[in-house]
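Note sheet for the following structure.
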Amino acid sequence: MAGLRNESEQEPLLGDTPGSREWDILETEEHYKSRWRSIRILYLTMFLSSVGFSVVMMSIWPYLQKIDPTADTSFLGWVIASYSLGQMVASPIFGLWSNYRPRKEPLIVSILISVAANCLYAYLHIPASHNKYYMLVARGLLGIGAGNVAVVRSYTAGATSLQERTSSMANISMCQALGFILGPVFQTCFTFLGEKGVTWDVIKLQINMYTTPVLLSAFLGILNIILILAILREHRVDDSGRQCKSINFEEASTDEAQVPQGNIDQVAVVAINVLFFVTLFIFALFETIITPLTMDMYAWTQEQAVLYNGIILAALGVEAVVIFLGVKLLSKKIGERAILLGGLIVVWVGFFILLPWGNQFPKIQWEDLHNNSIPNTTFGEIIIGLWKSPMEDDNERPTGCSIEQAWCLYTPVIHLAQFLTSAVLIGLGYPVCNLMSYTLYSKILGPKPQGVYMGWLTASGSGARILGPMFISQVYAHWGPRWAFSLVCGIIVLTITLLGVVYKRLIALSVRYGRIQE
């Protein structure tokens, strides 16, 4: 995590010019070092939270089938959605908690919940019946633990100046992206243990390819708690970098500056929540649809789709990290609002390119109508292509666009180059929109406690991750990619219009009240 240190961390955030009185009094070297040590601990917390989510994603379906053969794809949808539901409920609660109590409290409690959830996940083989419901509870608890994202971002926003904000938010997003990338890698490293693995009879613990990743995640969670207790300190600064009093800080000194007053622009707050919802909505539906889309368009087997799309998503994750690094530099020249607008336009172009054109049609699948390409009902079935049991054999399964989907007969094929170009553009625009939404949001809120507001923003993103797959599964199954991606393009156009309407209002609270020049 030390590599994430950037220029804004290396320069003292004090006065505007060296030698001025403000340069000497705004922040001591000891306070500065303590502040950034605390922020880096939260970088690690975000990374570990992302790893905890993604480390089992590729194995949930086969593990669910193993512990409870009665589980079907419809129930799988609830298992996947339970994480986002838990996070959506918990984020505002943890955010409110962090506004009035030391941030260590909600952070430690949330991580303990995640550790407990991982331990429950490792023992899902113990109950004699209803094991699938225990998995539902385990994933829901993990989502509740992930509600600490609101605390992490609100702390970082409150502990950085406007000058440092974009860079620090980019670092958090990079850690989150790295966690999503490396989680499946860790999962792969444990596949050599196999489904049976070994059993520790004394504590009835099965150590196999399904349980080892969550046990590792639980261990890292305990390590994270120790680091939080040892290193994290309460720090708050105003938009200029002056230390502020905080109810979270038990030893606040009397010479610290009071938090500047000013009313938050609620229109701007609501607008950013909508923008953030759409950002996560469109990427969640893209992640969901690429497996059935590629199986329909290119006659890939399920195994090929999982492998190739896994590589594509991993590449998009690496692309996101590079984008975060570039945005930190670009934002200093053209500002966050313009970058957000550019990101939305790039995403729109990406989905527009996905629209099918021409006279060539996909291969039609005439046999085995009950295939896994793209059923037309449940949320769980739409994402079933993301999981594949090692015991399954795809060699004899028919491939192509299922005749059950009437649109296969008249919808042109989406060429592979067309799909890859679109993926690159969406992978470029999404991290930009994600980062700029958080950054602008934190600046609009100003130096006041942001826990509740960050909680609502996180909750809106969680809701988007639930609704996005549900939306795309229904539209794609019934009307095909032309209608599905046309509607997405329309949603993005409306979002760009909203951004244009509120563009001038998306400014920092201190800039709005003239305390700082933009």
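Cβ atoms are placed via backbone N, Cα and C, with glycine included.
Residues or ranges marked as region 'Disordered' by Swiss-Prot: 1-20.
Summarising the annotation, Swiss-Prot assigns topological domain 'Cytoplasmic' to 1-40 (among others) and lists sequence analysis as the type of evidence.
Residues or ranges marked as transmembrane segment in Swiss-Prot (evidence: sequence analysis): 41-61 (among others).
What Swiss-Prot lists as topological domain 'Extracellular' is 62-74 (among others).
Marked as transmembrane segment by Swiss-Prot: 75-95 (among others). Listed by sequence, the residues of this chain that lie at least six past the ends of the transmembrane segment (75-95) yet keep a Cβ under 8 A from its Cβ atoms are 53, 60-61, 64, 106, 110, 132, 135-137, 139-151, 154, 378-384, 387, 450-456, 458-459, 462-463, 465-466.
Assigned with DSSP, the residues of the topological domain 'Cytoplasmic' (96-105) fall into helix, strand and coil as follows: 7 helix, 0 strand, 3 coil. What Swiss-Prot lists as topological domain 'Cytoplasmic' is 96-105 (among others).
Sequence-distant neighbours of the transmembrane segment (106-126) (same chain, 6+ residues past either end, Cβ-Cβ under 8 Å): 45, 49, 52, 56, 63, 66-67, 90, 94, 97-98, 134-135, 137-139, 141-142, 144-148, 151-152, 204-206, 211, 214-215, 217-218, 221-222, 224-225, 228-229, 232. Per Swiss-Prot, the feature transmembrane segment maps to 106-126 (among others); the stated evidence is sequence analysis.
On the 0 to 100 pLDDT scale, the model's mean across the topological domain 'Extracellular' (127-131) is 88. Annotated topological domain 'Extracellular' per Swiss-Prot: 127-131 (among others), in sequence order.
Remote same-chain partners of the transmembrane segment (132-152), defined as residues 6 or more beyond its termini with a Cβ less than 8 Å from a stretch Cβ, comprise 42, 45-46, 49, 52-53, 60, 63-64, 67-68, 70-71, 75, 78-80, 82-95, 97-98, 103, 106-107, 110-118, 120-121, 124, 172, 451, 454-455, 457-458, 462. What Swiss-Prot records for 132-152 (among others) is transmembrane segment.
Within the topological domain 'Cytoplasmic' (153-173), the DSSP-based counts of helix, strand and coil residues read 18 helix, 0 strand, 3 coil. Taken from Swiss-Prot, the feature topological domain 'Cytoplasmic' covers 153-173 (among others).
Sequence annotations record features per position, and here Swiss-Prot assigns transmembrane segment to 174-194 (among others) based on sequence analysis. Within its own chain, the transmembrane segment (174-194) is flanked in space by residues 1, 4, 43-44, 46-59, 207-209, 212-213, 216, 310, 314, 317-318, 320-321, 324-325, 431, which lie at least six positions past its ends and keep a Cβ under 8 Å from the stretch.
Residue counts for the topological domain 'Extracellular' (195-211) under DSSP, split into helix (H, G, I), strand (E, B) and coil, are 0 helix, 6 strand, 11 coil. The topological domain 'Extracellular' annotation in Swiss-Prot covers 195-211 (among others).
Residues or ranges marked as transmembrane segment in Swiss-Prot (evidence: sequence analysis): 212-232 (among others).
As annotated by Swiss-Prot, topological domain 'Cytoplasmic' applies to 233-266 (among others), with the evidence given as sequence analysis.
Beyond its flanks by at least six residues, the transmembrane segment (267-287) meets 313, 340, 347, 351, 426, 430, 433-434, 437-438, 440-441, 444-445, 453, 456-457, 460-461, 463-465, 467-469, 471-472, 488, 491-492, 495, 498-499, 501-502, 505-507 of its own chain at Cβ-Cβ distances under 8 Å. The transmembrane segment annotation in Swiss-Prot covers 267-287 (among others).
Feature annotation from Swiss-Prot assigns topological domain 'Extracellular' to 288-304 (among others).
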Sequence-remote contacts (6 or more beyond its ends) of the topological domain 'Extracellular' (127-131), Cβ cut-off under 8 Å? 67-68
DSSP puts the residues of the topological domain 'Cytoplasmic' (434-451) at 13 helix, 0 strand, 5 coil
Positions on the same chain near the transmembrane segment (413-433), where near means CB under 8 A and six or more residues out: 173, 177, 275, 279, 282-283, 286, 290, 293-294, 297-298, 312, 315-316, 319-320, 323-324, 327, 339-340, 342-347, 349-351, 353-354, 356, 358, 360-362, 481
How do the residues of the topological domain 'Extracellular' (127-131) split into helix, strand and coil according to DSSP? 1 helix, 0 strand, 4 coil
What else in the chain is close to the topological domain 'Cytoplasmic' (434-451), if you only count residues 6 or more beyond its ends and a Cβ gap under 8 Å? 94-100, 150-151, 153-154, 156-158, 162, 165-166, 169-170, 172-173, 236-239, 244, 246-248, 259-260, 262, 264-265, 268-269, 272, 275-276, 279-280, 324, 327, 331, 336-337, 339-340, 343, 457, 506-510
Would you kindly list the residues that approach the topological domain 'Cytoplasmic' (326-337) from elsewhere in its chain, counting only those six or more residues past its ends and only Cβ-Cβ distances under 8 Å? 6, 166-167, 170, 431-432, 435-436, 439-440, 443, 499, 503, 506, 518
Going by DSSP assignments with H, G and I as helix and E and B as strand, what are the residue counts for the topological domain 'Cytoplasmic' (326-337)? 11 helix, 0 strand, 1 coil
